[in-house]
Amino acid sequence: MTAFRTLDDADLADKRVLVRVDLNVPMESGRVTDETRLKAILPTIRTITDKGGKAVLLAHFGRPKGRDESQSLAPVAKALEGQLGRKVAFASDCVGEEASSAISRLAAGEVIVLENTRFHAGEEKNAPDFVEALASLGDIYVNDAFSAAHRAHASTEGLARKLPAYAGRSMESELAALTKALEAPVRPVLAVVGGSKVSSKLELLGNLVKKVDILVIAGGMANTFLAALGKKVGKSLCEHDLADTAREILEKAKAAGCEIVLPVDAVVAKEFKANAANRVVSVDEVGDDEMILDAGPETVAVVAQKLDGAKTVVWNGPFGAFEMTPFDAATVAVARDVGKRTRAGTLLSVAGGGDTVAALNHAGVAGDFSYVSTAGGAFLEWLEGKALPGVEALRR
């Protein structure tokens, strides 16, 4: 992890530390309904306050067009108080006199949340005058919001160019896990890429075939590959117009020495609904009026066999329509298998993306994986091999 400056490198005593955090939490009737993201930033806040710094938290919330009280961070600051077990101040703006006087009242070791950065158009435009206004409020900048690191905004990228910049604890652990899984992995590396559409994961597949040893293609996107190989997929979700693209990806994989694993059997039904009448068939036997809704047990067995030789797993996307029983079976079986091997110490496992996290929670194994990233877009862009502006700004 020497590539990034961390809080261990910083002198924080009596410094105003601007911390970019992810406070985009679910809310109902002005109350936070899931505090997972608040818990994730506690180690960074505590490191700063323990070292005598003043923690000044910056974040966006929702997509307001200008000032909108329904998108205020005030209720989030209140919820954070409960998590921290201490008072958290709140300023009703993130720049200007209101913010600077509130920060000037802070004693060493105290915490304040500034109002939603997106109340100002300069945030998403990364406008120089807005960056300057934010920078004037702090001595040091810390980014602890990996989930927003793919955005070159004022509070994620602009500030890091203005002030001495460091990675927070959550950012640090995310970068360590991803570097371990893809940049300098213990091989063989097996990747699972699922989900409904090839079109949304073209760059991802193109990058992974060059980086991993085995690529398991699952979910609706596997149907596009099966169709490209001449299989009949009936009424299944399938991007027939991407057949040439699918074949190109298979050729790229072959040239790179990456083994592709596609489903060998499938759970099919005539209706897309929970508990619909279904049967397990070989991928050569899908009826014209049937749709593939999950991978079958033979496919699960093939993946298990490939896992026997793997040392690292990177997972993004489910095997089937996991939100509906019984079409969650393959996702649950493989997730539990990976979780069990990770617990036994034979596998390093990293997973990420919204559907993936939901699927692992559904299988009850999110806690068994080495690392589960809640950063949807940023996690995908990292897997695609793209430089993330918010991360690049933290390099030594």
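The first residue you see is number 1, and the count goes up from there.
Each Cβ is built from the backbone N, Cα and C atoms, and glycine gets one as well.
Look at Asp22 (substrate binding site): DSSP puts it in coil. Neighbours of Asp22 (substrate binding site), defined as other CB atoms within 10 A of its CB across all chains, total 23. The substrate binding site annotation in Swiss-Prot covers Asp22, Leu23, Asn24, Arg37, His60, Phe61, Gly62, Arg63, Arg118, Arg151, and the record cites sequence analysis as its basis.
Among the features that Swiss-Prot reports, ATP binding site is placed at Lys201, Glu323, Gly353, Gly354, Asp355, Thr356. A 10 Å cutoff on Cβ-Cβ distances gives Thr356 (ATP binding site) a total of 27 other Cβ atoms nearby, all chains included.
With respect to Gly62 (substrate binding site), the closest of these binding-site residues in Cα terms is Gly353, chosen from Glu323, Gly353, Thr356. Whole-number maximum of the Cα to Cα distances across the ATP-binding residues Lys201, Glu323, Gly353, Gly354, Asp355, Thr356: 21 angstrom.
Among the residues Asp22, Leu23, Asn24, Arg37, His60, Phe61, Gly62, Arg63, Arg118, Arg151 said to bind substrate, no two Cα atoms are farther apart than 19 Å. A sphere of 10 angstroms centred on the C-beta of Asp355 (ATP binding site) encloses 18 other C-beta atoms.
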